[in-house]
Each structure stands twice: as structure tokens, then as C-alpha cells.
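Only one structure is covered here, and it is reproduced in the block below.
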Amino acid sequence: MMDWLNGMINRLQPDLFRPEDLQSLPPDEYVPKLSDIVLPSIFLAVLFIIIRHLLDGILIKPIGTYFHVNDTVSKENVPPIPVLEAGYKVSRNPKPDAIMSLAKKSEMTVRQVEIWFRKRKKQDKVTDMKRLEDASWQFIFYFIMSWYGIYVLWDKPWFTKSVHCWTGYPTQQTVSDGIYWYYLLELAFYISSIVTICTDHKRKDFVEMSVHHIVTILLIGLSWNYNAVRVGTLVICIHDPVDYILAFAKMSNYCKYIKVSDLCFVLFAVVWIATRLIIYPYMVLYSVTIELPEYANNSGPHEQYYGNSFVMQLLKVMLGVLQILHIFWSILIARTAATKFTQGQLQDVRSDSENSEQEDESSHKHHTEDTSHMNGHIQRVKKIS
């Protein structure tokens, strides 16, 4: 069965190597094979999810309890009203028109509907303990993989000069055991992240994070399939370091070490700008758009894998999508920094959930229906969460 599945998977891989290409390679050298990464990454993704839940119970929750991290959920009595429950599934923050419609359907006042939604959201409110668990898992993975990636790539020529990503491409580039595991673990992590982002609490940037994870999975798979592994390792190595810094900033915030969280956020912003807005476009985007076409002029019998080929165009598009996401998140980070200076409180617009404590508190301050209607139009940000 496994042989049949691997055979079907390998049919998706193009025949990059001619017989003479394979003969010219040393016998102990390994070239990427699609079946060596697809099924193993799925099995590892399942293992990651299991390990994550084990760590939550064995390590993270005891640490959170020691630092008095909140783990209580609102116990307010919310009467089950089918009409309002249906509206709640559509949006936790309905617009004024939707609230009025729900009030008519449920034969309640607008104010009663607003109070019901506020209490209902409190029931689903994500605890700081849950957020600590999420941030801790991200910190553990990204911290380990960031330094492992540097260890694996440190002596590789393309680590400092991206033009070497294409030297001998595609038939004269082999993959070491370290790079194989680097790719496999990263692919497994993002597959598991797709599962957890759909099953965990709702995030404000759910769409953006989903697009990011899907594009990353496609990039890893595509680059492995076409042996563009060198540029793929650069993308991964550039992306990982900033994530564990952000995760540690969140962990510090949940544990009430606010000054540590603020310092980590400053470090995060600096590393973000350096890696996502400077190094990534300068090394990766420049390499695939400028260095690759130049090298393609002497590509020999493999010109179909260079320049204007569909695969390379698709690779460029997905790398460009990542840069668009970088710019989008950079705007949010700048907004967070501005909030720090204006409100004296570090906040994160890359919030972990739709609702916020500020939103719940604001509903108590508005007693008239007209002013309460305006709440749905106010854009709010949330503490690093």
C-alpha cells in the first residue's frame, strides 16, 4: 500500500535528471524525491499535535499556574435563544442593522440583544492560559528550528551569496541529511498549524494566517519537487527567528512581565524590519527575479525549469504573496508601536481572537440604544495576545 502511494506521489515530480546527470553524481549523494517528504510530513504533523497537547498539560499549564496566569472562563448565565445563536455563528460582532433584525425575530429589545451578545462572547472568551499554551508552542518550535537552520546552513555558499542557489541547478544540486530534516520538520509544522488554526480559537487575522500557512506549504512542496531547495532554505531561515521573539513577548505579557514584553516587542520590530523588509526582498526576491534569469542564459538542457517557465512564475508569485503579507503585517506592527506611545500600553493588532476585553467593557459604558449601535463601527485593538 505504501509503495503504491509513494509511486502515485512520485508521478507528480518532473523528470529532472537525465541518465548522464545521475551518473555524474557521487553514489552517496541524495537528490529530492517527493515521496520522501509528503507522507512523512503528514505523520509528523499528527505527532506535533500530540506533542503540543502533552506539553500543554505537563509543562505549560504548571508554569502558567505558577505565574498566576488567568485560566477562568465566564460563568454568566446566558439563556439559549436559537435565533440569537444563529446570528452569533454568523458574527460575534453584528452590525446595528443585524442587531435590529435579530431583535425583531427574537421579540427582544435592541439593548437586550446587545447584552446577550456581550455575555455570550464572554462565555467563548479565550483565557490567557490558552494563549500562553499557543505562544509557548510557537516559541519552542521556532527557537529550535531557527538555530538548527543556522547550524545547517552556516557553511553553505548560498547562505551568504544567493546566486549560489542556482549554481548547478537543477541536476547538480544535492541535499544533505540536515537540510532534508530541516525541510521535513518545517513542512510538518505548517501542516499541523493549518489544523490547529481551524480548530483553536478564532483569530482576527485568521484569513491572513491561513493564506500564509497555505502559501508556505506550497512553497516548501514546490521547491522540493523541483529541487529549488536552496532558495527554499533561505526563505525558511529568514522567516523563523522573528516568530520566536514575538512568541516570547506574548508569553512575558501573559505572565505579567510587562517590561520584558515591551523589550521583546522592540527587538521583534527590529528583527522583523531586518528580515522581512530588507533581507527577504534583497536576497530571495532579487535572486528569483534577477539572478535566476541571468543564470538561465547558460542553463543548457534544462531551460524549461528557468526564467519564464510556469513553475518558476508560480514560485515568484507565491514569494511575492509572502512579501505582501509582510507589508500588511508591518502596517499592523507600526500601529501597535503607535498605540504604545499614545496609550502607554503595548498592544497587538495581530490579535488571537475576534472579541476583546475593551469591547466588553465599552458596552457597559453606553446605556442608550443609539450610542450602543455605534460600538459595532469602532475598530479596536487588543493587548498582545
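Using N, Cα and C of the backbone, Cβ positions are placed for all residues, glycine too.
TrEMBL labels come from automatic prediction, so no person has curated them.
Listed as Cβ neighbours of the transmembrane segment (37-55) (distance under 8 Å, sequence separation of 6 or more from its ends, same chain) are residues 2, 5-6, 9, 136-137, 140, 180, 183-185, 187-189, 191-192, 195-196, 221, 224. Annotation source TrEMBL lists transmembrane segment at 37-55 (among others).
TrEMBL lists 84-127 with the feature domain 'Homeobox'.
Taken from TrEMBL, the feature DNA-binding region covers 86-128. Across the DNA-binding region (86-128), DSSP assigns 32 helix, 0 strand, 11 coil.
Marked as domain 'TLC' by TrEMBL: 130-342. Confidence for the domain 'TLC' (130-342), expressed as mean pLDDT, is 88.
Sequence annotations record features per position, and here TrEMBL assigns transmembrane segment to 135-154 (among others).
Positions annotated as transmembrane segment by TrEMBL: 179-199 (among others). Same-chain neighbours of the transmembrane segment (179-199): 30, 36-37, 40-49, 52, 141, 145, 148-149, 152-153, 206, 209-210, 213-214, 216-217, 220-221, 224, 229, 232-233, 236, counting only residues six or more beyond its ends whose CB sits under 8 Å from a CB of the stretch.
The transmembrane segment annotation in TrEMBL covers 263-290 (among others).
Among residues of the same chain six or more beyond the transmembrane segment (310-334), those with a C-beta under 8 A of the stretch's C-beta atoms are 208, 211-212, 215-216, 218-219, 222-223, 226, 228, 235, 269, 272-273, 276-277, 280-281, 284-285, 288-289, 292, 349-350. The transmembrane segment annotation in TrEMBL covers 310-334 (among others).
If you look up TrEMBL, you'll see 348-385 marked as region 'Disordered'.
Feature annotation from TrEMBL assigns compositional bias 'Basic and acidic residues' to 361-372.
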